[in-house]
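Heads up, the thing below is written out as structure tokens.
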Ligand SMILES: O=P(O)(O)OP(=O)(O)OP(=O)(O)OC[C@H]1O[C@@H](n2cnc3c(O)ncnc32)[C@H](O)[C@@H]1O
Ligand SMILES: [Mg+2]
């Protein structure tokens, strides 16, 4: 069976990818259990650049097919921040709680209609005998002024999807995987996954 390494150390993403890949009959490994692989520096200016940096670095080390995800939250009232800095928005320790607190305090006093935002996901696929390709996906929502729900990860507790009337942390894992930015990007990656030998 084909093996694909997902170049992420984020446990929340890793879980979602395990489900998203389950229909392809592919063995999926992540970096969650491989502490000896160093953190790849994300020096790109765009999600796509960072996804390519991560995918190609791990493909070189592993000689396998690799999918990397660079994602984040783009808030209109903050001119697109935290954007590519989503993971480290409140500091190098990459704390989800501190990141949420920082967003909430920056949006204090901003009215509901001006709290529009989207999650953005860029995926890059790289490997020994393929050209690196990137695809993307987005999910539109609103930033609440308090946390709701215990599921998901990252900014999910403050990201509400209006059509569902729920935050991403209030949805089931299955539902998030149907409508998320990551799910949308995976649909666009599908033709490239099916081509892998
Ligand atoms: O680079 P890797 O190892 O994949 O893990 P990371 O956590 O550093 O991931 P990113 O560099 O792509 O940063 C993305 C940040 O954006 C947030 N994020 C991405 N997808 C999300 C989702 O589905 N729900 C909530 N927050 C998300 C989350 O806080 C992540 O830390
Ligand atoms: Mg990262």
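Just so you know, the numbers here start at 1 and follow the chain as drawn.
Each residue, glycine too, has its Cβ placed from N, Cα and C.
The record from TrEMBL ties 8, 9, 10, 11, 12, 13, 153, 154, 155, 156, 176, 181, 182 to substrate, and of the options 71, 95 it ties 71 to that site too. For residue 181 (substrate binding site), other Cβ atoms within 10 Å of its Cβ number 25. Binding-site extent for substrate: residues 8, 9, 10, 11, 12, 13, 71, 153, 154, 155, 156, 176, 181, 182, maximum pairwise Cα distance 20 Å (rounded to the nearest whole number). The Cα atom of residue 70 (active site, proton acceptor) lies nearest to that of 8, taking the binding-site residues 8, 41, 181 as the candidates. With all protein chains in the displayed structure included, the most crowded Cβ environment within 10 Å among the binding-site residues 12, 154 is that of 154. Here the candidates are the binding-site residues 12, 71, 154, 156, 181, and by Cα distance the one nearest residue 41 (Mg(2+) binding site) turns out to be 71.
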